[in-house]
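Features of the protein shown, as given by TrEMBL:
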{"type": "REGION", "residues": "52-135", "note": "region 'Disordered'"}
{"type": "COMPBIAS", "residues": "56-76", "note": "compositional bias 'Gly residues'"}
{"type": "COMPBIAS", "residues": "85-102", "note": "compositional bias 'Basic residues'"}
{"type": "COMPBIAS", "residues": "107-117", "note": "compositional bias 'Acidic residues'"}
{"type": "DOMAIN", "residues": "153-364", "note": "domain 'Sulfotransferase'"}
{"type": "ACT_SITE", "residues": "K162", "note": "active site, for sulfotransferase activity"}
{"type": "BINDING", "residues": "K162, G163, G164, T165, R166, R243, S251, K368, G369, R370, P371, H372", "note": "3'-phosphoadenylyl sulfate binding site"}
{"type": "DISULFID", "residues": "C351-C363", "note": "disulfide bond"}
Amino acid sequence: MAPPGPAGAHPTSAEPLSRSVFRKFLLMLCSLLTSLYVFYCLAERCQTLSGPVVGRSGGGEEAGTPGRGVPAGGPGELAAWPAAARRKRLLQVRPRPKRRPPAPRDDGEEAAGEEEPPGLAGSLGGSGAGSSVAETPPGTLALLLDEGSKQLPQAIIIGVKKGGTRALLEFLRVHPDVRAVGAEPHFFDRSYDKGLAWYRDLMPRTLDGQITMEKTPSYFVTREAPARISAMSKDTKLLVVVRDPVTRAVSDYTQTLSKRPDIPSFESLAFQNRSAGLVDRSWSAIQIGLYAEHLERWLRHFPARQMLFVSGERLVRDPAGELGRVQDFLGLKRIISDKHFYFNQTKGFPCLKKAEGSGRPHCLGKTKGRPHPE
């Protein structure tokens with residue numbers, strides 16, 4: 001061993017070497033912590049992005065694309081998503097709205113107690129679903145990037161009340177190329193005097209290749225609605241959800257009974273003369289179900305090829321099969337499949353495994369699937 005040097009001599013080469021290793025270690029540790037922090041921030045941000053569709057769609061797998069749920073692999077896997085899904089994902093980045101108690105409606109699908117899918121606006125002028133008409137609120141990524149534009153609807157669910165229109169709309173929203181106002185605008189029956197510019201402003205933003213939709217079941221029985229919709233666009237595609245008119249009338253009565261328990265019995269309202277079997281056609285629950293009479297007005301303004309009648313019964317028994325017909329009618333790729341649904345035995349209705357904008361299962365609200373009186 002060499003004897004120690006005199007005081008003031010330079011340190012041996014071992015000291016600079018150990019300091020160099022220590023500095024490198026500190027640099028690597030700082031880089032690792034910085035990377036973890038950035039990854040954490042990205043992961044937290046990704047949780048606020050709305051997933052465009054649910055589960056792994058049959059259509060996507062056939063096309064060789066990965067599943068369309070929230071990407072497990074982070075931003076790298078997002079790049080492999082179909083372009084339409086990525087665009088819709090960007091358009092849906094928005095703050096969670098405050099929920100307003102919905103107002104009762106007498107002529108459309110009942111709103112009270114319905115479950116709102118998360119990530120949807122809940123005030124007039126928003127683009128949400130469930131309780132009120134809305135547009136994309138200011139400050140969203142879509143507005144910051146100037147993505148998309150508001151268009152008048154190319155397809156409208158015009159009826160019928162208590163036929164299954166809410167279920168159809170919620171199921172269609174799973175498709176990445178469908179953008180829909182969740183609540184009922186009631187433009188062509190209640191607010192026509194406000195003008196098309198007001199109506200367009202209610203619509204969500206869409207990109208090229210996406211369809212704008214709305215649903216208001218009372219349009220089907222509104223005398224002025226066919227001419228007004230035709231004046232907006234003769235190419236509008238119309239969807240009508242129908243079910244057995246007697247079952248529909250009982251469902252309509254059940255909804256009213258839940259709000260007004262003191263109303264007369266179904267039989268006393270449905271019949272002018274019970275012993276003679278004479279039906280009271282003037283009662284609204286019966287009148288709505290006279291499908292042929294209402295259809296005559298629509299056929300004066302639209303050819304039959306622009307109307308699709310959706311079976312409310314098949315929408316319950318085989319939602320994927322009925323949605324396949326709807327996707328074909330709208331010119332959409334068949335993406336919604338059996339993999340998106342499960343049957344809720346308690347409610348007696350099919351539910352979405354994951355709703356638009358959420359990673360959780362979603363069933364329609366408590367007002368759907370009420371037990372009917374005998």
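Positions of Cβ are set from backbone N, Cα and C atoms, glycine also.
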Subject >> the domain 'Sulfotransferase' (153-364) [mean pLDDT, rounded to integer] >> reply: 93
Subject >> Nearest of the recorded positions (S251, C351, C363, P371) to K162 (active site, for sulfotransferase activity), judged by Cα-Cα distance >> reply: S251
Original post:
What is the interatomic distance between the Cα atoms of P371 (3'-phosphoadenylyl sulfate binding site) and C363 (disulfide bond), given in whole Å?
Top reply: 16
**OP:** Return the residues near C351 (disulfide bond), defined as same-chain residues 6+ apart in sequence whose C-beta is under 8 angstroms from its C-beta, sorted by sequence, else 'none'.
**Re:** F341, Y342, F343, N344, P361, H362, C363, L364
**OP:** Please compare the binding-site residues G164, P371 by how many other CB atoms fall within 10 Å of each one's CB, and tell me which has the fewest.
**Re:** P371
**OP:** Starting from the Cβ of R166 (3'-phosphoadenylyl sulfate binding site), draw a 10 Å sphere and report how many other Cβ atoms land inside it.
**Re:** 26
Original post:
What is the total of other Cβ atoms whose distance to the Cβ of the residue listed as 'active site, for sulfotransferase activity' is within 10 Å?
Top reply: 27
**OP:** Ten-angstrom check, please: count other Cβ atoms within 10 Å of the Cβ of S251 (3'-phosphoadenylyl sulfate binding site), all chains counted.
**Re:** 21
